[in-house]
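Novice: Pulled these from TrEMBL:
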COILED    242-269  coiled coil
DOMAIN    46-479  domain 'Major facilitator superfamily (MFS) profile'
TRANSMEM  42-68  transmembrane segment
TRANSMEM  80-99  transmembrane segment
TRANSMEM  111-131  transmembrane segment
TRANSMEM  137-158  transmembrane segment
TRANSMEM  170-191  transmembrane segment
TRANSMEM  203-222  transmembrane segment
TRANSMEM  328-351  transmembrane segment
TRANSMEM  357-377  transmembrane segment
TRANSMEM  389-413  transmembrane segment
TRANSMEM  447-472  transmembrane segment
Amino acid sequence: MELQETGNVGVPKYKKTDYDTTEEEIQRIACKENGKNSSKRYVLVCSIFASLNSVILGYDIGVMSGAILFVQEDLKISELQVEVLVGILSIISLAGSLAGGKASDAIGRKWTMAFGAIVFQSGAAIMALAPSFEVLMVGRILTGIGVGFAVAIAPIYIAEISPSVARGSLTSIPEISINFGILLGYVSNYAFSGLPVHTNWRIMLAAGILPSAFTCFALFIIPESPRWLVMQSMTAKARLVLLKTTENAKEAEERLAEIQLAAGLANAERHEERSVWRELLNPSPGVKRMLIAGCGIQIFQQITGMDATVYYSPAIFKDAGIKSSSKLLAATVAVGFTKTVFILIAILLIDKVGRKPLLYVSTIGMTAFLFILGLTLSFLGNRPVGIKLAILCVCGNAAFFSVGIGPVCWVLSSEIFPLRLRAQASSIGAAGSRVSSGLVAMSFLTISHAITVGGTFFVFAAISALSVAFVYKCVPETKAKSLEQIEKLFQTDKHWKGGEVELGDVEHLVQKQ
């Protein structure tokens, strides 16, 4: 189907080719009434469906924090095996994240997400039926690969179908889904903890199959990314998607022209035989800045200890003085609820306040609460005031994480890379995130024994303080700018002279275009 301007009414006229879409459907979409609200609803629904895979990751993180208590009792595994079982998912998801970038360029964004969901379902089923630690590890590895696909591709897909003014809030939906999944995992722990030990943890793990199954169904409904379609020379199909995701036909054509220009540059570089991976391994100054900003913020998100805090929150609260298993799991529900509530606040602010101010508030707040938590666990353990203060600090740390670095890092990593590099570069960032998470999770108990739990949180506080400096030096403001405008920002040398990237850099750059 090809687009021809009529020149008199401003509505595109289409002629039918070999695509399945009818002329009547195209005209209905292009001339729809109240197009603004319809397109916003459509993009929102697509973003939510694409983010269902992220519920899987959150559920696994949340449920494992409680399930591992019963797995250890039932299968008689050691503390070292507990660390490996908890952390291996994040490490092995490296394979899924790296493969996800390549697969999404080959078969499309949404079918890559579908494949990841199927792999996760297989792993979850194996874990639920595992008779031994070895079989449990096989299932855990499969779920890690599935999670890797999910976290790498969903933010890319959402960024590529979203309008610039709403891209921040929409690209944050996967982080909402992760937090919602964590809360579901905590609730599942609390709900099934009263069952026999041989049964309860299996039901907890098996329940993770449900959101994955919903993902497979949803992906038959949502469209493919228009940017991927253009890269595959499916311009008419890309135009159809853009007509559904923009307010009017004029805006759709403008976005299509931008995508075609970016795709043309990418194809030209392919003709010059400069592969994507070669460019990433030997980057230009602009691409190097993108990699530092995108991958750096992903790594800082994890090495400040949030995933470890979620995985081992029962151990943290036990160190503070809570002894009852039911009370330990109830306290973790409060953490999950806090994370979910504050991620919603971030969604409301990210496209109004901007990415960088939220990062400042988040990292500074986390540093303060991590430091106070270290003091509490070191000097006030096993006291009523210490228990209350520990719960407050863990919830406060979760709140500041969710209002800033939690969602913003995914937004940045999905919007700062050029089209030709976006899938692979974002997958590198996601892989760095998962590996960092895994290393922290796999070493938390060992380090805690060596320097105490309180000492471990002093280390996290120091790392969080470093993340404030990283945001100041390396992260630009990208609010309300097109993906192509953001790419130009990173290619401009003078905005990086002197080290820091100021909040107004993008606006100054765009004004000069």
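For all residues, glycine too, the Cβ spot is worked out from N, Cα and C.
Nobody curates TrEMBL annotations by hand; they come from automatic prediction.
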Novice: Which sequence positions outside the transmembrane segment (111-131), separated from its termini by at least 6 residues, show Cβ-Cβ distances below 8 Å to it?
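Specialist: Apart from its flanks, the transmembrane segment (111-131) reaches 50, 52-53, 56, 96, 100, 103-104, 138-150, 153-154, 157, 202-203, 205-206, 208-209, 212-213, 215-216, 219.
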Novice: Excluding the flanking five residues on each side, which residues at least 6 beyond the ends of the transmembrane segment (447-472) place their CB within less than 8 Å of a CB in that stretch?
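Specialist: Here the qualifying positions are 296-297, 300, 303-305, 315-316, 319, 356, 359-360, 363-364, 366-367, 370-371, 373-379, 381, 405, 500.
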Novice: Using Cβ atoms and a strict cutoff of less than 8 Å, what residues sit near the transmembrane segment (328-351) while being 6 or more residues removed from its termini?
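Specialist: 62, 65-66, 165-169, 172-173, 175-176, 179-180, 182-183, 185-187, 189-190, 193, 309-310, 313-314, 317-318, 322, 358, 391, 394-395, 398-404, 406-408, 411, 479-480.
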Novice: Mind checking which residues reach the transmembrane segment (357-377)? Cβ under 8 Å, same chain, six or more beyond either end.
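Specialist: The answer is 297, 300, 304-305, 316, 319-320, 346, 349-350, 386, 389-390, 393-394, 396-397, 399-401, 403-406, 408, 452-458, 460-461, 464-465, 467-468, 471-472, 475, 503.
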Novice: Which residues, given as numbers and ranges, are at least 6 beyond the ends of the transmembrane segment (137-158) yet have a Cβ under 8 Å from it?
Specialist: 46-47, 50-51, 53-54, 56-57, 60, 84-85, 88-101, 103-104, 109-110, 112-113, 115-128, 130, 167, 170-171, 173-174, 208, 212, 225, 410-411, 413-414, 422-423, 426-427, 430-431, 433-434
Novice: Would you report the average pLDDT that the model assigns to the coiled coil (242-269)?
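Specialist: In the predicted model, the coiled coil (242-269) has a mean pLDDT of 75.
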